[in-house]
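Report on the structure given below.
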Amino acid sequence: MNLDRLTEVVFVPGMTGREEMIRAKIIEMLPEGVEPFVDDLGNVVLEVGNGDSTIAFAAHMDEIGLLVTGVNSDGSLSFKKVGGIADELLVGRHLDVITSSGESIDGVIGMTPPHLREKTDLSWQNQVIDVGTSSKEETASLGIEVLDYAVFRKQISILNDKYVAVRSLDDRSGCLALLDLLDMLMETDLDRRIVFAWTVQEEIGLIGARALSERLKPNLFFPVDSFACCSRLTGDVKPGNGPVLRMSDTSSLGDYGLGKRLMEFSRERDIPLQMGVTGGGTDGIPFQQKGKKMVPLAMAVKYLHSETEYISMEDYDNLVRLMFLISTEFTV
């Protein structure tokens, strides 16, 4: 894993529905000469190779965040959550408020000190974003308005030289995996077509993927996403034991036969690969509903949807290696 490249994609803000900056960054990172197609929703799609069969990989660009819904008389910002954010994660947090011009404004969500509390209510409806102003007019002078958004301030940590922890690994690590795979395939003579899709609005209902499923008709579809792990509900799957086939989640079942073939395929090539069950859903669902074989490829992520999302760097390298071998050797 190239940590500089990971930092490039992780630190660009891009809440669900507001992916313009991360989309521009991904297009900037594409190999020279590659011409992507950007559809009306903002999905980025490209294809390499030639042949009768098609394999598609997809990763979502959007991240969870907070949508500004109002500016209060004291200058603070009311908001709503976009995506799955636990209320307890909001209190005492540093934020980047992103204006319509793309400027980042410092903000915080505070908390009443324990020794001044009469009661404790951490629900998001009772929280506001403080940007250091005292009136609507002062907040407006910063360029902040309704429908701007905020994301958690990001800090990257390397743990024991094995793991990387930072907000938005879901799914910027998947976005980077597609970019790294594309770089590798540019030097490869392919006998099939490989489709790459960086999608929008996954966190609120797979909106971008639903639109793509009407147009793309691959033989095999692989969403590249996260696997929420390290709970009694997810068994023995954990970071450091290899990438994961996400065979079941809240909304779908991966194709069982394809999953078994992938396990055998990886075993023959000495790639560690886990198989597991978790919650949530992926961009594979609408493709499966269109009759396409689908198995999500994932990395085990500890502390999913928090500021400290946590993956194994070795798992990442093995994921990209597996994707390359699927692209070049796997029987469609």
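Heads up, the Cβ atoms here are built off N, Cα and C, so glycines get one too.
Taken from TrEMBL, the feature active site, proton acceptor applies to Glu202. Counting every protein chain shown, the number of other Cβ atoms lying within 10 Å of the Cβ of Glu202 (active site, proton acceptor) is 29.
Residues or ranges marked as Zn(2+) 1 binding site by TrEMBL: His60, Asp170, Asp225. Secondary structure at His60 (Zn(2+) 1 binding site), as computed by DSSP, is strand. His60 (Zn(2+) 1 binding site): 31 other CB atoms within 10 A of its CB, across all protein chains.
Around the Cβ of His305 (Zn(2+) 2 binding site), the same chain contributes Ile64, Gly83, Gly84, Ile85, Ala86, Leu89, Asp170, Ala228, each under 8 angstroms and 6 or more positions distant in sequence. Per TrEMBL, the feature Zn(2+) 2 binding site maps to Asp170, Glu203, His305.
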Over all shown protein chains, what is the count of other CB atoms within 10 A of the CB belonging to Glu203 (Zn(2+) 2 binding site)? 23
Counting Cβ atoms within 10 Å of each candidate's own Cβ, which of the binding-site residues Asp170, Asp225 comes out highest? Asp170
Tell me the Cα distance separating Asp225 (Zn(2+) 1 binding site) from Glu202 (active site, proton acceptor), rounded to the nearest angstrom. 10
Which of the three DSSP states, helix, strand or coil, fits Glu203 (Zn(2+) 2 binding site)? coil
Zn(2+) 2 site, defined by Asp170, Glu203, His305: further same-chain residues with Cβ within 8 Å of the Cβ centre: Glu63, Ile64, Gly83, Gly84, Asp171, Ser226, Leu304
